[in-house]
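Down below is the structure, laid out as structure tokens.
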């Protein structure tokens, strides 16, 4: 399409795709067949289709086909409309992306083209703030040296700027005419999902040039601070790295769904057994009794013997008894889940006014699973913290600054017109030290203004905008700016600052770049006076090893300050400098240039050169930066821990910072018994650390606490033994150690040790390792997991967990798009779980229990009737009652209960987190509860059949006519059934609304209205063949004996239920019962409060480094080469009342330790907390 007739992009693939993406599933032609195929993959839909086919066979069906086809079509239609709506929005999103405009070079002219029409080999022009349409090889840029700046928040969650550079041989091709004459060949790797790696070669003018990720612009990036650039399409559409990383969303099912599938199979087996019993009865009856009726009641023509009659009878009863699992169950479940999702969306208390962001339930199928969560895996930066760095404190030459002695921050604008007005600092003594000219203070801020890789942009006179690689570095440069040392601009060889109003230009001799191993960066500059000086900033543990002996006194004082800062959860850096002579510089510069140009082992040689010069440093001091926690994080974690939810925090920071955040969130305290550090580099060392160090010390601590008594381990599995040990333990494990710990032969050991600790900190894990840790817990723990994050690097974890929650924060929207639920603040998680999740689980369980009960009570009457009708598959009720029972008479009351029911108000759910535990233990609906409901339903069916049968068989009307006819019995039984199940749901409903009253009593009224209408003369005159029994209901319900029979049956059905519930409430009340009782007692004398805030917890002075400096390696090299130069320059809460809920504790012990006797004393495991950090920051 373009003029690149000689340009070839050679890929290891047989087919080159266009740039069109398609995330939708259907189109107009395929929707109906594909959607029906998907729906009939559900066992229930296939089962009902099979029943419909059986009902179309006259010889075996005693019910009309519409009793099944109407609800089946309704279910299929509702699901199809929902799927079509979801797919419509996917089509809309795809069309919006595919129809974006790009400028493509066609016949030497730039023409606008839709994204979907872009092909591999096209040359595209991008302008500032535009999204990159495909994976491009950067050819040239409007910036010097072929540089451009991009933002990759949609790819990796990082909001800081990144730099990409074209090859020097193509950087001069800056206009369409030159690009149209360009010919060449690119050979590269096949499409893959590695965002940080690209390998390829450009062949041009008989030369070859290596291509790396620094030359690539990936789809999803946004061009920033660059007027324009040109790129060659390498990968398009589904082959782009963004689409390769999107993966396929896993279909998530709740534990209740999985249990229901099992129960449906059991019910089907029970249905078959009943059919077999009745078929055998039919065979026996036809053989022993039926032959007597052959003369006037012969078999239908296909039937010629009693065995064939029994065979047809079996299928007839399968049809009649299928209502034990009606299709309306699945419709009701979807409606309830949809309503619960809207409750989450409408919750004003989960609405963030600052960002105008409401909570959103992006999935409607997982609501009740929110009430069963046991493990939470959380990202840190942007999820627990605000990802906003502020310069809080510092230590300079042994003196600490930053104490807050005043209410208002300092006003820097009065003496510094270039100060950032958003910068806040409260210690006036530091500003005074700058003004009086203390040398150490000046040198301290000089380091901050020079030793960095920040780019400065001056939009107008005095309006500086800093573009930093990391928020840490931006905060440090901004602090120097406000204290009078303003970084203004840079060139490849100079750095220009304004020091106390005076412009100063330093010659930049070298940048000693940062990496994760060095944990520091340095710059070497020549001052205006001609001195050569090295400035360095980095981790205190690294810099202190390289200090000159004369700095030891300052080092000791600074160490104490660093301990204090780390104790406050602040991120720290140490600052130092070294003066170099001309000879030292010249000798080292020669070795540095040789290492820089080396082909083999370049990184190692550069590291050795850096190590050589960064010695004998003079310590200046240290900085302390706060990554502010979000509002309510500490309280949320405390409440969730009380609900026995284990929180594992996954962070991109280094070990020390992760520990500091643990203290800030009150997840770690001085009460921690021991911290186990696993930092091995080999499988054997990691195994020894986990087994010998952590596990043995836990056992030893338990024996010491129990007075030397041996911990019982003979019959208990290892997990039960460790989890039964009460203690405040913490585990710290590095990323490389975690890689070994996640191997198949060691993962169980790691999981056991981690779950026995109250806090576990895993540092330097990758996004893939996040998903692996989640999968490990899912696989080995019978527990529901939830993952929460705000960046694209959390997507794999969010998709892997049972429930994924996205935070709409600072790192793009990829996490939100991949999530099942989203909101803007971590603190909303407690309301999502303890209120919405618990209520959803409670409502769904009560709904299912009642639904199975009422349908067994309804269906089993047919089973008992079979023994009195010659096993002829005759129904007790008429077909209209059978059709309307689950659609009209009983559907709305149970639907209202499933949508609105509560056991305690929302405030009590938050005040008593232990109320959450029944969901974790799956107590409200399980196999035992299911069998109890079935037993109650069968008992009700026995009463509803035999009481009317026994009474009416001997009863007569007032005129002496017997009442023992089929229609009188049918009407009496049906009426008693409707009244009994209505009374039962009145007892089951814990929270009455106007809607509940309307549905319950309205359904009873609807039953009588429809009953009298169907037996009226009006319908008989219109449809005489369909409505045969004129006046039957009016005549039946006019008899007092019928109402006495209905009342007797109701009392016999309901009385045992009332007696059992009163005894249970009196002898073994649940925590919710106790809370309701307490609320009733205190209703008149209730006083608000209920929570007592604890004071700040103190900590000992254990040595902890808080070094944290998120940065990208390689940026310093770009600066010194000149290639990136622009043309223009919580409070922890306690609760007033906590109930023991010993019945829950007993069940939890049985769950975790089924083979051993629970030890005496408090043996419930302490809520564990795991922090896991990922790579790319330190």
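Backbone N, Cα and C atoms are what each Cβ position is placed from, and that goes for glycine too.
Note: TrEMBL annotation is automatic and uncurated.
Annotated by TrEMBL as transmembrane segment, the relevant range among 950-968, 969-987, 1064-1082 is 969-987.
TrEMBL lists transmembrane segment at one of the ranges 825-846, 847-868, 1089-1110, 1111-1132, namely 847-868. In TrEMBL, the annotation transmembrane segment applies to 47-76, one of the ranges 17-46, 47-76. In TrEMBL, the annotation transmembrane segment applies to 263-285, one of the ranges 263-285, 332-354, 355-377. Looking at 999-1022, 1143-1166, the stretch flagged in TrEMBL as transmembrane segment turns out to be 999-1022. Checked against TrEMBL, the range among 796-816, 880-900 recorded as transmembrane segment is 880-900. Matching 224-250, 305-331, 386-412 against TrEMBL, the residues noted as transmembrane segment span 305-331. Residues 44, 47-48, 51, 54-55, 57, 59-63, 68, 71-72, 74-75, 78, 264, 267-268, 270-272, 274-276, 278-280, 282-283, 286-287, 290, 299, 851-852, 855-856, 858-859, 862-863, 866, 871-873, 875, 882, 885-887, 891 of the same chain lie 6+ residues outside the transmembrane segment (305-331) yet bring a C-beta within less than 8 angstroms of a C-beta in it. Counting C-beta pairs under 8 angstroms (sequence separation of 6 or more), the transmembrane segment (880-900) reaches the transmembrane segment (47-76) with 3 or more such pairs. Near residue 381 (Mg(2+) binding site), with the C-alpha within 10 Å of its C-alpha, lie none of the binding-site residues 514, 571, 793. Between the transmembrane segment (969-987) and the stretches 847-868, 930-949, 999-1022, 1042-1063, the greatest number of Cβ pairs separated by less than 8 Å involves 1042-1063. The distance from the Cα of residue 790 (Mg(2+) binding site) to the Cα of residue 571 (ATP binding site) comes to 21 Å. Sequence-distant contacts of the transmembrane segment (999-1022) (same chain, at least 6 residues past either end, Cβ-Cβ under 8 Å): 878, 880, 884, 888-893, 895-896, 971, 974-975, 978-979, 982, 985-986, 989, 1028-1034.
Comparing residue 571 (ATP binding site) with residue 379 (active site, 4-aspartylphosphate intermediate), their Cα atoms are 17 Å apart once rounded. For the binding-site residues 381, 793, counting C-beta atoms within 10 A of each C-beta gives the highest total at 381.
When the alpha carbons of residue 794 (Mg(2+) binding site) and residue 379 (active site, 4-aspartylphosphate intermediate) are compared, the span between them is 7 angstrom. Confidence across the domain 'P-type ATPase C-terminal' (816-1069), taken as the mean pLDDT and rounded to a whole number, stands at 91.
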